[in-house]
Every structure is written in structure tokens, then in C-alpha cells.
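Student: Quick one: the structure is below, and I'll ask about it shortly.
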Amino acid sequence: MSEHEPTNHDPANSEPDTASELRDRVESALRAVRDPDADLDVFEAGLVESIAVDGESVTVHAAVTEFDDANATQVMRAMAQAVRDMPAVESAHVEPVSPSSGDGATGVDAFDTVIAVASAKGGVGKSTVSTGLACALAGEHSAGLFDADIHGPNVPSLLDIEGPVHSDDEGHPLPVSVTGPDASLDVMSVGLMESGAPLAWRGAMAHDVLTELFEDTAWSADDTLVLDLPPGTGDVVLTTLQEIAVDSVVVVTTPFESSLEDTARSIELFRDNEVPVLGAVVNMREFACPSCGDTHQLFPGETASERLDATVLTELPFSPQFQETPAPGDAAPAFETLAESVSEAAATAWDVDAPDDALDIRGDPPERRKERVAERFTALASGETFALVSDRDPTPVRRFLGGLTDRAPAEIDGFSVERRTPNDWLLTATKP
């Protein structure tokens, strides 16, 4: 069951939006759609799982499994209509999905932490860093490595492993387990598919392949997943950011001027998509002459710390040691140090850091949320600060607070909403 129809608008007559801008406008349009069982919009009711934008096509994933068929169809049609009525949208697609629980053993949701490794350009050593980082993390964590570079999957060759990928009794693809002296690492890659499998996927086909592996892989590890993204900011990267709760990202670059310039733009992209950037790995910083031992900079000029708005986690030399096959729990010392820095940065990247007296409504059903917000807000004296922690975007609460005080929403001073983690928001407002 899904809702999919072309729109009646001519996108050529509308100003083009960026994917981020269009996604924001889609969200605003969807807020007009109500939950038939509660006086809440579809975001307040937790019915919108994700919004994916591909050019002028929009796909909304809706959690409607708790409705009967009639109400589920009604909500999905209303959501599709709201999106179709927007300028610059050529087609709208609403797909039903199960609500996210984070309790399953399959898919990326099996992991507590997902750390992406990205680069603005190819050939900077991104997959080498991903593999070394994952092997180092495996020494202290239950770790996995997902090679999402669908057009150039290098992880299997770096780890010297082969497919094919097998399935469990339920048809879920099983990762290949790589063992080291005292640790193991789960690895999944399209490069592990049977030899001869097509790698020149484009558009929807690449999206479908990655989505299936993201959702269905039966991991045995459940702590930290290192996600090796393809270089650049193409479809696979954007799809990953839209559909997966990526907790943070490490960017890999060389000191070359154009690489630093493109990396700076990539950092902005991740932050625009609310993904914390833990820092940068500067690869091929220098090399040591094997004859005399002197070190030489490969790319003299401005340093990465001067060009990038991000912490430099480490600078790696151009060295033969990184061409050796790493093993889980037995990575090169430079990657062990990198893993420590990444773990420390990731531990604080998404701190909620809410006031001690903040009202925490995470996990509450919709009606209970409204009751608790009303009780706490009305008990405050004029001028006192109201703080709220929610597992859904609480922006619509401003209208509700206005209703409690007979004020227009704009009259609720000091109102702000900040996303502190992929699943946690902090709202603050001043009682009139």
C-alpha cells in the first residue's frame, strides 16, 4: 500500500530548491495533515519517519501500521496530496513503514553508534582510513564496517576478503566476519557480492541496493558501525543522510589546496543535515625519505587547521605501513590513536545537556505529552524559563503554549528549539 501520483505543477515555472530547502518546505506542508485519532499534526503524532528528496521527486516514509486500513489510507492520501500541491514537486510518494524502535538485530539500527567516514574527492585514502579505524575500534568495541561506496568498493581488497554474501534462514544478508588476534569485525560491502555483479548502478537502482543492505543486514556486532561513504556529495551520500541516523562523521582529505577547499564545503553539507563533524583526518601530509630519513611535505602551503572549520584529528604520513592488511584489534598505531580521538569526540558530539529541571517527555504517548506540558508550563511564574526534552521535533509546541496563555504563538518569548542528538530535541521558552 502506497500513495504515488505525479503533481499538476510545472517545475519549470518554479524556482529550483536545494534538497534541504525542499525538504523543509515539504515538512511545513505536511504539518497541515492531522492524525485522525488525535488532535495532532503528523509530526507531533510521530507518523513521519523520514523525508527523501531526489531532484523534484519526494518520498515520505509514514509510520501508519497502528491504524486500520481505512485510516492508514486516509492519512497517506492526505500526506501525498499536501506534497503534490507544492510548487517544484514533480512527483510525491508516501510509503508505509514500521515505526523505528532501535531494538532490532538487523539493519543499521542494530548499532548504538554510526560513524560515517567521508571525503570530498576520491583518491585521498578514505577507505584506507575507514578500514584502519574500524579495525582499531574492534579492539575495544563490538564493531562493524559497512562499505557504502557502491561504485568503487575497496574495503574487501583492503582486508583481503571475498564473498559471496550468504543469508540467514529469514533471508537477511550476513556480513563477513574478519578475525584478528583478539578481536573480530563484521564487514558488509557490495564488493562481496558474487563476482560479476553489476557495480555501475545509478539513481534508483543504487538507492534500492543500498537501502536493502542498510535495512536488512543481520549484524552480530551492535556497538559501533563505521560507514565508508562514496566520495563527493552524490545520491548515495544524500540518501544515507536522509534515511539513516548517522551519529557523526569524520572527513578525510589531503593537504592539497583544492582538496581542502572541497572538504570545507562537504563539512558545511553535513552540518546542514545536522550531522556533527568529529573532525578531519589529513592524509599524505608528508613522507620520509627511505635513504636519508628526512621528511618532506607533499603539499606545502596552508595547513588543514587554517582552512577547515573542524578539528584536525590526526595527520597521517605517506607511508608503506598503511598498505599492509590491517587486522581487527591489531591496526597500525596511527589508527589506534585515531580511534581514541574519534571515540572521545563521538562521546560528546550529541550531548543533550538539558537543564536539570527540564521536562522530559521522551517515550510518552501524545495525550500524556500534552498533559505534562500543560501542567508544567501553567505552574511557572511569569518570566520563568520552560525547558522541554523531546524525541520529536517540538516546534509545534509553541502554538500549544500560546493557547495555554491566550497569547499568539509569536508572543511566546525566548522560544527556541535545538536538535541535540539524532533523536533528541531541547526546547526553551519564557512564560509570559
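Every residue gets a Cβ built from N, Cα and C, even glycine.
Copied straight from TrEMBL:
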- ALA120, LYS121, GLY122, GLY123, VAL124, GLY125, LYS126, SER127: ATP binding site (BINDING)
- 23-94: domain 'MIP18 family-like' (DOMAIN)
- 359-431: domain 'DUF2249' (DOMAIN)
- 1-26: region 'Disordered' (REGION)
Student: Helix, strand, coil: count each for the residues of the domain 'MIP18 family-like' (23-94), based on DSSP.
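Tutor: Across the domain 'MIP18 family-like' (23-94), DSSP assigns the residues as follows: 24 helix, 19 strand, 29 coil.
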Student: What are the sequence-distant neighbours of SER127 (ATP binding site), meaning same chain, six or more residues apart, C-beta distance under 8 angstroms?
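Tutor: Same-chain residues close to SER127 (ATP binding site) (Cβ under 8 Å, separated by 6 or more) are ASP147, ASP149, ASN154, VAL155, LEU158, ASP228.
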Student: Just to be sure I understand the packing, how many Cβ atoms besides its own are within 10 Å of the Cβ of GLY123 (ATP binding site)?
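Tutor: Taking every protein chain into account, the count is 12.
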Student: Rank the binding-site residues GLY122, GLY125 by the number of other Cβ atoms within 10 Å of each Cβ, and give the residue at the low end.
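Tutor: Candidates: the binding-site residues GLY122, GLY125. Fewest Cβ atoms within 10 Å: GLY122.
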Student: Compute the average pLDDT of the predicted model within the domain 'MIP18 family-like' (23-94).
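Tutor: It averages 85.
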Student: Which of LYS121, LYS126 (the binding-site residues) has the most other Cβ atoms within 10 Å?
Tutor: LYS126
Student: Check LYS126 (ATP binding site) against DSSP and tell me helix, strand or coil, would you?
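Tutor: Note: LYS126 (ATP binding site) is helical by DSSP.
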Student: Using an 8 Å cut-off from the Cβ centroid of ALA120, LYS121, GLY122, GLY123, VAL124, GLY125, LYS126, SER127, can you name the remaining same-chain residues around the ATP site, in sequence order?
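Tutor: After dropping the recorded site residues, what remains is SER119, PRO231, VAL252, THR253, THR254.
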Student: With an 8 Å cut-off on Cβ-Cβ distance and a minimum sequence separation of at least 6, pull the same-chain contacts of VAL124 (ATP binding site), or say none.
Tutor: PRO231, VAL252, THR253, THR254, SER259, ASN283, MET284
Student: List every residue in the same chain as ALA120 (ATP binding site), at least 6 positions away in sequence, whose Cβ is under 8 Å from its Cβ.
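Tutor: ALA120 (ATP binding site) has long-range Cβ partners PRO231, GLY232, THR233, VAL251, THR253, SER259, ASP262, THR263, ARG265, SER266.
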Student: Counting by DSSP, what is the helix, strand and coil composition of the domain 'DUF2249' (359-431)?
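Tutor: Helix, strand, coil within the domain 'DUF2249' (359-431): 25 helix, 21 strand, 27 coil.
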